[in-house]
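Report on the structure given below.
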Amino acid sequence: MEMLIAANCDIEARDKYGMRPLLMAAWHGHRDAVQLLINTGACSNATNKKHYTLLMCAAKNNRIDVVDFLLDTLEDLRLDAIDIEGQTALFHASMGGHSVIVKKLIEMGALLDKRNKEAKSALHMACERGHAEVAEYLLAHDSDMEGKDNGGNTPLHVAAQNQQTTLVQILLDSGADPDSENSKGSTALHIACSLGSKGILDLLLQHGALVNKQNKTGNTPLHLACQANEVDTVDILINKGADLNSLNSRLQSPMHIAAEMGHTDICKILLAAGANIEQREQGGRTPLYIAARGSFTAIVDMIIKTARLDYPTQDDPSNGKKDNTLKPVLNTARRRWKNTKDEVKGKESERFREVLYKLAYKQLGPGEWKRLAHHWAFTEEQIRAVEHQYTGPSSYKEHGFRVMLIWAHGLGADVNPMRELYESLTAVGKRNVADTLRRKIDQENEERRKGRRRSCGYCNLT
């Protein structure tokens, strides 16, 4: 370098990024080169095209020796000069997690809460990048933990958005408000639930975050967790007392959102917990209608199964009507959904399922499944929801099979499903099919009894 300088090389030459030799020396941490160039007369206030100063180049790349030299040597060093993004050397050191340089800059009087073009502070940047030591030092020197950027986000919002669990804990332990809202009305809990950040969710709840707080669109953390299909998060929120039936500005409950998105597991959890399936959103649509429109058959069947646990039977005196317009029984014992299976249960054995399949696909004609559905007290909305899928000349077979499985799902443990099916077929005018079914069952039972009587002479222990 000395030879080049002696040969009158241009020490202020710039590359395409506007970097001069002095800036390059600071960037790469060459302290002696920095000293030589400054002593030779290189401009110490030069910047590149991004307006990075000499101090920024060193701070950004954790060049401690260079920073020390600059702080000790240059009298006109501009600690709080800003780059094209409005960021100071302290910002660059905080973003990089360079705690030693952060401490030196603050000790020299760097402004803690200077904001960049997005109105973010150095603390915002440290929380965004997950630099715990830097954040703790900034907080210890009274950096504003409730300061908001252009989006209304505090450092806590930023830490939650970037899933920085340790930073969230540091901020909460330092007294950050867990319910501070950003410009969308969302709290850190809204953000954590939309991302499925269980660790952050737990920390926020431990520090008293409001579980049912609504943002500007009326969504609670539960709404957002359902929208994002975060199953574990939904389960945690429900166990912590989240309102299952809270309505947003479109009058949508979490159940509406889960049904619209086709999130089957979320729907199952909400139904098991007692979500209202009769609520109509702004357009007058129930979760059942929404699921049917989206062709989410598993959710449609699940909602109908659950609804039938809430409805009286045709013979129930609480029904009080002679038509098929049944009203739900409110405040009943919690739905049995958690203790049942999606598919046919033990009492509806595989053999019974085969009987239902044969009945639907081979023995019932078009429209006859509807007569059974009405007999079993299915509502018109439920029948339309089942019919919505699989349109075509043979679709009635699939419709009938689904209705039968739903009906079988709701049978009591003490009910003989074969007898119930026989009586139902007889009641809807299908006595011939019922008799065929009974003969077939009797024949199979007789064959099984004979099979038990036969034994092998070589291995018969009796």
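Heads up, the Cβ atoms here are built off N, Cα and C, so glycines get one too.
Per TrEMBL, these features apply:
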type	residues	note
REPEAT	17-49	repeat 'ANK'
REPEAT	85-117	repeat 'ANK'
REPEAT	118-150	repeat 'ANK'
REPEAT	151-183	repeat 'ANK'
REPEAT	184-216	repeat 'ANK'
REPEAT	217-249	repeat 'ANK'
REPEAT	250-282	repeat 'ANK'
DOMAIN	368-441	domain 'Death'
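A mean pLDDT of 94 is what the model gives for the repeat 'ANK' (17-49). If you look at the repeat 'ANK' (17-49), the same-chain residues 6 or more away from its ends with a CB under 8 A from one of its CBs are 1-2, 5, 11, 55, 57-58, 60-61, 63, 65-66, 69-70, 73-74, 76-78, 83-84. Same-chain residues lying 6+ beyond the ends of the repeat 'ANK' (217-249) with a Cβ under 8 Å from its Cβ atoms: 184-185, 187, 189-190, 192-196, 198, 201-202, 205, 211, 255, 257-258, 261, 263, 265-266, 269-270, 273-276, 279, 281.
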